[in-house]
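Structure, as structure tokens:
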């Protein structure tokens, strides 16, 4: 019977603003664990666990002792970003690695006139610039420098390391960077200015908080290095073999700690799978003393979305129309830009660099991933996050259809754009595929660069517990 069919595979969900990728998985599991759609998969998992030896059962961490739908994502989206988040279910998690290195399409809004430490609206102001002469024609001409293969410098608050330390740590400690920053070659296959917002016609705002002088000094030194490197015939900085070995080792150590941090964050969800209600998330329960978490919502029941967990509300919402602007007069213009890029591309860097090229400064105000591989926003294989709370009778048929489509290559080929084509590793708004409830023998793939910083920007969702708790932003891209 179709109802008894074990459903596994890959589908996509439209990630909401302010939510971490890990929290999206937790919320999906909350509904999937008790659903009839995934009951056969849960039963299959139960039977497999019964066959395990006592030693295998003992090896399971407490967070994985309770059976739940195994899930993972094919590259994170920062809390500041919305759009296509690829999710794997069951054996579908083994295919997630393929999506780290495919091309992606993004739409972003650039707000001109100021620069921040994070290159987006959630950071702190570093400097302001005159924007009276910035026009659509000038912006479109400036975009010519970013098409094709380019050497891109990562944001200061990226996950990249130098001498075993993330760049943002140099900013926090007020120390100079030990050497030039290594640029990376990326490719922009499509780049288009799709909408221009004249001054006074949009609600985008600069942040009100300014960075401390020590941080401004470091950022200025980094930007001077960037300009000097760009002037050197456009050649990216080269590492010596010793430096390359040091960077590789440091990045490997960072990725290991990052994966462990993700598992700790995911383990903060209570044994019942219920996100904690408001306030700081409680630590993982060791006993039932002191109150038990509420049981999971019944499958198919109409009700509210899951209570906000640790991975929710990580960025402030966009300012409303009546928010007082931080400028006099009509203020700066803004632009919506659409791009298709290869792995390793930082959208926030493009926003910042475009503002620098125009001489006025710029920051990323919005970000949406509209396509990743064959998964397209509003497409046949991408579900809206809000449909989860409408009940299994709403999301169940859609998720079932998406997983069946994934397992039918001929039908999927007719309904989708081309499948992922491997590119250079590294992605501005992504990290390695995170897998919930993964088996012990499952290999963890190497992580590309995350488009984020641990606290107020990129990768807020996938950093340590403290980072996710105090995140004010975060992508992409």
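If you go along the chain as it appears here, the first residue is 1 and each next one adds 1.
Here the Cβ of each residue, glycine as well, is placed from N, Cα and C on the backbone.
Quick caveat, the model's predicted, so the values are computed rather than measured.
Check TrEMBL against the ranges 48-72, 73-97 and you find region 'Disordered' recorded for 48-72.
Look at the compositional bias 'Pro residues' (315-327): DSSP puts its residues at 0 helix, 0 strand, 13 coil. Residue counts for the domain 'tRNA pseudouridylate synthase B C-terminal' (348-392) by DSSP state, with H, G and I taken as helix and E and B as strand, are 17 helix, 16 strand, 12 coil.
Looking only at the domain 'tRNA pseudouridylate synthase B C-terminal' (348-392), the predicted model's pLDDT averages out at 96.
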